[in-house]
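K.L.:
Pulled these from Swiss-Prot:
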DISULFID  85-172  disulfide bond
CARBOHYD  159  N-linked glycosylation site
TOPO_DOM  1-19  topological domain 'Extracellular'
TOPO_DOM  41-49  topological domain 'Cytoplasmic'
TOPO_DOM  71-93  topological domain 'Extracellular'
TOPO_DOM  115-134  topological domain 'Cytoplasmic'
TOPO_DOM  156-187  topological domain 'Extracellular'
TOPO_DOM  209-238  topological domain 'Cytoplasmic'
TOPO_DOM  260-268  topological domain 'Extracellular'
TOPO_DOM  290-309  topological domain 'Cytoplasmic'
TRANSMEM  20-40  transmembrane segment
TRANSMEM  50-70  transmembrane segment
TRANSMEM  94-114  transmembrane segment
TRANSMEM  135-155  transmembrane segment
TRANSMEM  188-208  transmembrane segment
TRANSMEM  239-259  transmembrane segment
TRANSMEM  269-289  transmembrane segment
């Protein structure tokens, strides 16, 4: 293991990552509190409110774990025992897997909601919440099981003289896999990512097509080049499309950086940038949702009127 990893990671990257975590924790907390408050006040929830709130909860826990891991990466001299090392790294990977699966579920669920009655997907509308719940459980188990080798490969680095350890933090590293095992896991990881990202990409393209059709039809009805005022459903669809597009973009960057790490094994900078990219979706996604949520403005106005009156 290269002990100079933290020296090469610039202080700017460290500050950027802690800023990213701080913003992400604050934004996800606000989004989760907003949905909780709307539920307590008795507002009728949208069909996508529960998945979005669930994603916010997953991201909140994931970022808290990431903050604990990053503190050991940048500041600690290494003090985790074997159980802490395996548990923290596995839980962090587990919640990252839940984030991917829940985002995929949200994309598919929104596509089913928006599909016309003539579509084959319309048959899934009535039972979609239950069917998608089973699909989410299956996808999460499948997605997480491919990373289950972490429980064996993750080891504390205190008083260990192994060479060629894969660096994670000052306290924890991965044992190198054999060439056959590495090839097997690489194939499974590639299949997993292609399946999930492909499914998400198809549903995103489908929603974008529906949005364009609806916009064109509205312009024809109004006989004007100016598009009519966006409905709440259209704003929700645009929010989902922005989330999916940003997620696909960050996933592509993450894959590129992961590949570069295999080529530049002695250079820690790709690992530092991968930390930033891997958590950017969890930090930015609640901001995208909050910025397009008109109910927040209405809620603040109603609370202000009650206070004034």
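The backbone N, Cα and C atoms fix where each Cβ goes, and this holds for glycine too.
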K.L.:
Among the recorded stretches 20-40, 135-155, 188-208, 269-289, which has the greatest number of Cβ pairs closer than 8 Å to the transmembrane segment (50-70)?
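P.N.:
When the Cβ pairs under 8 Å are tallied, 20-40 comes out ahead.
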K.L.:
Determine, from DSSP, whether residue 172 (disulfide bond) sits in helix, strand or coil.
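P.N.:
Assignment for residue 172 (disulfide bond) reads strand.
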K.L.:
Between the transmembrane segment (269-289) and the transmembrane segment (20-40), are there three or more CB pairs that fall under 8 A, provided the residues in each pair are separated by 6 or more in sequence?
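P.N.:
Between the transmembrane segment (269-289) and the transmembrane segment (20-40), which are separate recorded stretches, there is contact, as judged by 3 or more close Cβ pairs.
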K.L.:
Which residues in the same chain, at least 6 apart in sequence, have a Cβ under 8 Å from the Cβ of residue 85 (disulfide bond)?
P.N.:
154, 155, 156, 171, 172
K.L.:
Roughly where does the topological domain 'Extracellular' (260-268) sit in mean pLDDT, to the nearest integer?
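P.N.:
So the average pLDDT across the topological domain 'Extracellular' (260-268) works out to 61.
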K.L.:
Using a Cβ cut-off under 8 Å, which residues of the same chain at least 6 positions beyond either end of the topological domain 'Extracellular' (71-93) come close to it?
P.N.:
5-6, 9, 14, 62, 65, 144, 147, 150-151, 154-158, 168-172, 275
K.L.:
What count of other C-beta atoms do you get within 10 angstroms of the C-beta of residue 172 (disulfide bond), across all chains shown?
P.N.:
24
K.L.:
What does DSSP say about residue 85 (disulfide bond): helix, strand or coil?
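P.N.:
Its secondary structure by DSSP: helix.
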